[in-house]
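J.: Once you've had a glance at the structure underneath, I'll fire off some questions.
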Protein chains: 2
Amino acid sequence: MEIHTLVNERFLQACRRQRTDVTPVWFMRQAGRYDPDYRKIRERHSLLDICAEPELCAEVTMMPVRKLGVDAAILFSDIMVPVGAMGLEFSIRENVGPVIAQPIRTKEDIENLRPFTPSEALPHVLTSIRVLRAELDIPLIGFTGGPFTLASYMIEGGPSRDYLQTKTMMVSRPDLWQTLMDKLADMVIHYGRAQVEAGASALQVFDSWVGSLSVDAFRKSVKPFMTRIFHELRKLDVPLIYFGVNTGELLGDFAETGANVIGVDWRVPLSRARARVGNQVALQGNFDPAMLFAPIDVIDKLAQDILDEGTATPGYVFNLGHGVKPSTDLGVLRHLVETVHAYTPRQTGQGAR
Amino acid sequence: MEIHTLVNERFLQACRRQRTDVTPVWFMRQAGRYDPDYRKIRERHSLLDICAEPELCAEVTMMPVRKLGVDAAILFSDIMVPVGAMGLEFSIRENVGPVIAQPIRTKEDIENLRPFTPSEALPHVLTSIRVLRAELDIPLIGFTGGPFTLASYMIEGGPSRDYLQTKTMMVSRPDLWQTLMDKLADMVIHYGRAQVEAGASALQVFDSWVGSLSVDAFRKSVKPFMTRIFHELRKLDVPLIYFGVNTGELLGDFAETGANVIGVDWRVPLSRARARVGNQVALQGNFDPAMLFAPIDVIDKLAQDILDEGTATPGYVFNLGHGVKPSTDLGVLRHLVETVHAYTPRQTGQGAR
C-alpha cells in the first residue's frame, strides 16, 4: 500500500508547539449529521455498521476533509467500540447515545470483562486506519474514550446527568473502581498503540464527562490512570490530546498527566487555560458550538478573539469546545475554516505570516 | 400573627461575613424525595399542589428543619411558579423537570407574557411565607430562578443538554433576548421584594444553568440583567445569594453583580473561589451531593477539608454544590449537619470557638 507523504503538517506542528504558517483547525464530530451526505449514508447504515466497514469508514472520515478544508482527519468511530470488544454489549440509541443492557455493578461484572487485543478484536478498525493513511495527505487522529467516561457509561448504563452510580462505586468500592479503571487503562494503551502502528499520526483521549469530578476526586481516582496511559503512549512519539468538558479546574492536573495537547471547552478563556497548564503543552479549542448559529459577523469576531488569545503562546489548534451540533450549517463550518486560515492574529507567539 | 424572634442567626451572620459560633449549614432541596415523609405527602399532592397550599407548603418547608437541624429553611416552591403566573403554561414531569407545551420563540410569544404582580398572582406563596415566619425561629430563604435559567426552560420547552435554542436567540435575536430578559428581571425584582416583605430573611437566585455560557456571553447577555436585579434587591437589606453550577469561570463576574453570597459547586475548590470573588462577598457550598454515598469516614474527612478551606476567610455557609439527590439517606444528611456544627476548623477566619 502506497503511503502519502503528509503535505499539510501544521496540525502536528502546533501540537508540538512549533511555528505554523497559519493556525490549524479541525472539528470534533466533523463527520456527522450536519452533513446531508452523511445523513444519506446513515439512512442505509447504522453508526456501528460504518465503524465495521473499512471502505465506508474511510469514506465518512474523509467527507469533512474534502468539504471543509480542515487540517486533520479524525477516525470515524465511537468510544464504546472497544468496550463492546471487551464483552459488554451496547447499542447506540439515536439522540441518546450508548445504552448498555447489563450495566457493570459487581466484582463479577468487572472480572467478566475480556482483555482486549486490538488486532484480534477490531481488525476492521485498524484496516480503516491503513486505508485512510494511504489516502490522506493530512494527519489522521486516532482516538479512545477516557477510562472515567467509559466507566460512567458502563456503570450508569447510558448517558447520565449526575454520574451517581459511578461516583458511588468510586468512593464506596475503591477496590472495584481500581480494577475497572486498570482494565480500561490497559485497553486505552493497547488500542492507542495499535492505532498509531496502523497509521494514526496523533491520538485524542475523549474523557468528555471527567469534568463532573471535583479536583480532589480527579486526583485520587482518575489522574493516576491517565498518567499511566500517557506515560505508555508517549513512547509512540505522536501528539497525545486529552479532552473533556467542564474541566476548567482540572486543566493544571491534565497538563501533569503527560498529555501533549489539552482540549478546552468554551467556558475557559484560553488565556486562563494557558496560565493553568503552563508552557509545556499545546491547547486545543474553544469555540462554543452553539455560537455557529450566530450571524456570520459575530462568528468571525468570536473566532478572531479566540485566535488572538490562543496564539499568544506557541502551540494552539483551533477547534470547537465540544462536537458539531447536528443542526449546524455546513456552509458556516466551511466559512469558519476559511476565517481561521485567513486571520493574522494580533500576537505572534504562533501563526504569524 | 405573632412573629418569632430568630434564635439562630448564624446563617445571616455568615452571609454578612460576621463571626459565627459554628459554621451554618443548610442544603439545597433539603425538602425532597430523600425524606420518606415527603414522599408520603407527594403520594396525595403534586409538587405544584404543595406550592399552592400555604399550610402544606409550610409543613413541607419545616420538615427538614426539624429532622436535620439545619440553620436556615428555604421556601418550598419551584422556580417556574412565577413564570406560570406570567401566562406560560407548564407542568412538572417526574424525573424530568418543567415541561412547557408552547415554548417561547417569537416576538409575539414574548409580548404575550403578562406583567407579574406577586400579591395578585401568587398570594398563597406570600401567605406561606407569613405562616413560616410566624413558626420558624431560624431564617427563611426566599428564592427565584435566574433570568437565564428561566429563559432556557421557556425557550427550550424543558431541560436541555446544550441550550442551543436559547443561545441561538441570544446571539441571533439580541432584540428579543433583551425584551425577554428585561421582563424576567422585572419579575425577579418584584417577586424577591414581595417575598422579603412577607417575611423572607434572605433571597437566593437559582441560575442553575448559566454556567453553560462562556465568560464573554455571560458578560454581554446576562450580567447586565443580574446587576440590575441585585442593585434593586439590595435596597431590601437582606443577604442575596447567587447560585449556579459549572460557574467556575464566572465567579469573579458573579461577585461584581451585587450579590452578597456566591454559591459554588463542587468543581471549584473554595480557596480558588475565594481568590476569584475577592473579600467583599460570602461563599456558600460546595460538598458534591454524590459524595453523600461514600462511607461516613470519607464524608467526614471531605466535610472537614471543605470547612477548613471555607472558613479561612470570614463569610462561609456550608451547603452542597447542588441539590440533595432523591436516593440520599436521611441519616447521612443529619450526620453531616452534626459534623459541620461539631468541627473546629483549622483556620480561624470564621467559626472559631
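The backbone N, Cα and C atoms fix where each Cβ goes, glycine too.
Keep in mind that TrEMBL annotations are predicted by a computer and have not been checked by a curator.
Heads up, here are the entries from TrEMBL:
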{"type": "BINDING", "residues": "B:ARG29, B:GLN30, B:ALA31, B:GLY32, B:ARG33, B:ASP78, B:TYR153, B:SER208, B:HIS322", "note": "substrate binding site"}
{"type": "DOMAIN", "residues": "B:24-33", "note": "domain 'Uroporphyrinogen decarboxylase (URO-D)'"}
{"type": "DOMAIN", "residues": "B:141-157", "note": "domain 'Uroporphyrinogen decarboxylase (URO-D)'"}
{"type": "SITE", "residues": "B:ASP78", "note": "site 'Transition state stabilizer'"}
J.: Would you mind checking how many other C-beta atoms are within 10 angstroms of the C-beta on B:ARG33 (substrate binding site)?
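T.: I count 16 other Cβ atoms within 10 Å of it.
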J.: Count the Cβ atoms, other than its own, that fall within 10 Å of the Cβ of B:ASP78 (site 'Transition state stabilizer'), considering every protein chain shown.
T.: 19
J.: May I ask for the distance between B:ASP78 (site 'Transition state stabilizer') and B:TYR153 (substrate binding site), taken between their Cα atoms and rounded to an integer number of Å?
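T.: About 13 Å separate the Cα atoms of these two residues.
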J.: Taking B:ARG29, B:HIS322 as the binding-site residues to compare, which has the smallest set of other Cβ atoms within 10 Å?
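T.: Relative to the other binding-site residues in B:ARG29, B:HIS322, B:ARG29 has the fewest Cβ atoms within 10 Å.
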J.: Validating a neighbour-count step here. Other CB atoms within 10 A of the CB of B:ALA31 (substrate binding site): how many?
T.: 25
J.: Tell me, how many other CB atoms lie within 10 A of the CB of B:TYR153 (substrate binding site), whichever protein chain they belong to?
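T.: Step by step: centre on the Cβ of B:TYR153 (substrate binding site), count other Cβ atoms within 10 Å, giving 25.
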J.: Which residue counts does DSSP give the domain 'Uroporphyrinogen decarboxylase (URO-D)' (B:24-33) for helix, strand and coil?
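T.: In the domain 'Uroporphyrinogen decarboxylase (URO-D)' (B:24-33), the DSSP-based counts are 0 helix, 1 strand, 9 coil.
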J.: Count the residues of the domain 'Uroporphyrinogen decarboxylase (URO-D)' (B:141-157) that DSSP assigns to helix (H, G, I), to strand (E, B) and to coil, and report the three numbers in that order.
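T.: Result for the domain 'Uroporphyrinogen decarboxylase (URO-D)' (B:141-157), in helix, strand, coil order: 10 helix, 5 strand, 2 coil.
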J.: Using the residues the record lists for substrate (B:ARG29, B:GLN30, B:ALA31, B:GLY32, B:ARG33, B:ASP78, B:TYR153, B:SER208, B:HIS322), what whole-number Å value is the largest Cα to Cα distance?
T.: 23
